[in-house]
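Asks: Before anything else, here's the structure in question.
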Amino acid sequence: MFRNILNTIGAFFSKKKESYFALYRMLGFPPKNFSIYEKALLHKSSSKRDENGCYQNNERLEFLGDAIFNAIIAVILYKKFPTNDEGFLTNTRSKIVKRDTLDKIAYQLGINHLIMISAKVKNHKHIMGNTLEAFIGAIYLDKGYLKTKEFVEKRIINPYIDIDTLVREEVNFKSKLFEWCQKHKILLQFQTLENFTDNNRNVVFQIQALLNNHIAGIGIGYSKRESQQHASQMTWRKIRTDKIFLREVFAGVKKTNSEDK
């Protein structure tokens with residue numbers, strides 16, 4: 001019996017050691033607080049209770065990592081493109097931080113081999129990208145901003161993202177938004193708020209996008225097409241970051257469906 005206990009303890013520490021070195025290889029530096037990375041790799045489908053009985057998973061770290069990653073990318077772009085305007089910087093950042101890109105990078109980093117997740121949801125979309133963001137949040141808490149920036153540059157940007165190529169790619173946010181609304185049976189509308197002239201007497205359009213009559217994003221541009229694109233881009237950002245807003249929009253879908261019945 002005592003031998004069995006020793007074998008169990010030995011297997012536990014062997015697994016911990018293996019996980020530590022796998023983490024070390026991924027990070028490129030030794031982790032200080034190993035437990036924070038374990039939490040970052042713990043999907044809510046495998047939540048664990050802490051000593052206070054509260055469920056622990058990586059959702060809070062994902063929230064933090066998303067903000068830190070966006071801030072780091074903003075700094076990189078601000079320095080790389082000193083003469084470009086806010087619209088260009090925002091558009092370029094959105095291409096870098098989009099979920100499909102983060103999903104692929106997470107797999108390339110090997111996060112799929114370390115994540116603790118229920119087999120039932122492992123293939124759900126964007127789980128790996130979300131976990132990568134939680135991982136970035138863990139690095140920030142463990143090592144601070146500068147080390148996190150170093151990780152993003154050396155382990156994400158340099159090997160996997162060609163910023164100059166991304167800049168040349170055009171993202172049609174209005175088309176993507178329209179497809180998303182069709183898929184989820186959501187009413188998409190664009191309303192002109194006002195037209196005005198700038199200092200050079202050029203006409204500027206201000207347009208808002210509405211999802212099921214909820215204001216989702218406001219855009220400006222020198223044509224209706226440009227301002228609708230900008231409003232669609234702001235709407236995508238809101239869809240991605242504002243869960244309360246999404247619930248309100250989808251509540252409208254359910255209400256409409258029940259009325260139809």
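Cβ from N, Cα, C; glycine included.
Copied straight from Swiss-Prot:
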DOMAIN    20-144  domain 'RNase III'
BINDING   Glu62, Asn130, Glu133  Mg(2+) binding site
ACT_SITE  Asp66  active site
ACT_SITE  Glu133  active site
DOMAIN    172-241  domain 'DRBM'
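Show me how these features fit into the shown structure, please.
Replies: Applying DSSP to the domain 'RNase III' (20-144) sorts its residues as follows: 84 helix, 6 strand, 35 coil.
Non-local contacts of Glu62 (Mg(2+) binding site) by the CB criterion (under 8 A, 6+ apart in sequence, same chain) comprise Asn130, Thr131, Glu133, Ala134, Gly137.
A C-beta separation below 8 Å, combined with a sequence spacing of at least six in one chain, links Asp66 (active site) to Val97, Glu133, Gly137, Thr241.
Around the Cβ of Glu133 (Mg(2+) binding site), a 10 Å sphere holds 26 further Cβ atoms from the protein chains shown.
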Asks: For the recorded Mg(2+) site formed by Glu62, Asn130, Glu133, which further same-chain residues have Cβ atoms within 8 Å of the site's Cβ center?
Replies: Asn58, Glu59, Leu61, Phe63, Gly65, Asp66, Gly129, Thr131, Leu132, Ala134, Gly137
Asks: Over the domain 'RNase III' (20-144), what does the predicted model average in pLDDT?
Replies: 86
